[in-house]
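**Q** Below are the structure tokens for one structure; questions will follow.
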Amino acid sequence: MPVKKRTPLKHKSVSFSDDITQTQHNHHHRKKQNGERPPVFIRKTWLTIPWHLIALVYIYVKVFNNYNTAELLACLVPLQILYTIFQFNKATIYGNKRLKFNYSLAAISILACIVLSIPVVVIIILFGAPLLELLWETWLLALHCSFLAYPAVYSVLNCDFKVGLWKRYFILIVVGCWISCVVIPLDWDRDWQAWPIPIVIGAYLGAFVGFAYGAYL
């Protein structure tokens, strides 16, 4: 009687490489679906120090006649744009690389600051500013606050609307305005106590602190 040959059993091997590859693929796919964006941060460098804001405060107080807030705004806007191009944007890192300056986006940011000044006017009035009597001065103050935040506004638009990092700059401008309010009701009868002169100066000082030290906060 012939002996039947046994067929050798095949040993099953378990490999996790396919599972790992599939898991990595699914994780990468979920990142795309969730719209995960690269990190953004500001380099700790002297480039972010806005020395021009201190110079503008000095000119506003010592050079301009009667604290001309409109002339100060005319000086602020171009200097803020230049500061963003040559200083702040060079210190902004998005996704481990420095972004090139987008000039069309810079123009859009100017319009965004003008539009932003409208809700800022409303907020200032809600905090006690004259409603109609000094509306022009209040709007000038709102424009100053908006354009002081111009580098942050541009960066929000340029970094896919990641606003978390940039909130500190807006907050410090507001804090500067709030602290400077204390001198208005004091009975000193000084010209610089008139609305909105001390608030403008406080906004500039708050912006200076924000942009100079924002990377360290």
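Cβ from N, Cα, C; glycine included.
According to Swiss-Prot, the N-linked glycosylation site annotation covers N102, on the basis of sequence analysis. The transmembrane segment feature in Swiss-Prot is assigned to 45-65, 68-88, 107-127, 134-154, 169-189, 197-217; the stated evidence is sequence analysis.
Looking at the shown structure, can you explain where the listed features end up?
**A** Long-range neighbours of N102 (N-linked glycosylation site) (same chain, six or more residues apart, CB within less than 8 Å of its CB): N158.
Tertiary neighbourhood of the transmembrane segment (45-65): same-chain residues 71-72, 75-76, 79, 83, 87-88, 90-91, 148, 192, 200-201, 204-205, 207-208, 211-212, 214-215, selected by CB-CB distance under 8 Å and a gap of 6+ residues from either end.
Long-range contacts of the transmembrane segment (107-127) within the same chain: residues 77, 81, 135, 138-139, 141-143, 145-147, 149-150, 153-154, 157, each at least 6 residues beyond the stretch ends and with a Cβ under 8 Å from a Cβ of the stretch.
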**Q** Looking only at residues six or more beyond either end of the transmembrane segment (134-154), which have a C-beta under 8 A from one in the stretch?
**A** 53, 69-70, 72-73, 76-77, 80-81, 83-84, 88-89, 105-106, 109-110, 112-114, 116-118, 120-121, 124-125, 166, 169-170, 173-174, 177, 195-196, 199-200, 203-204, 206-207, 211
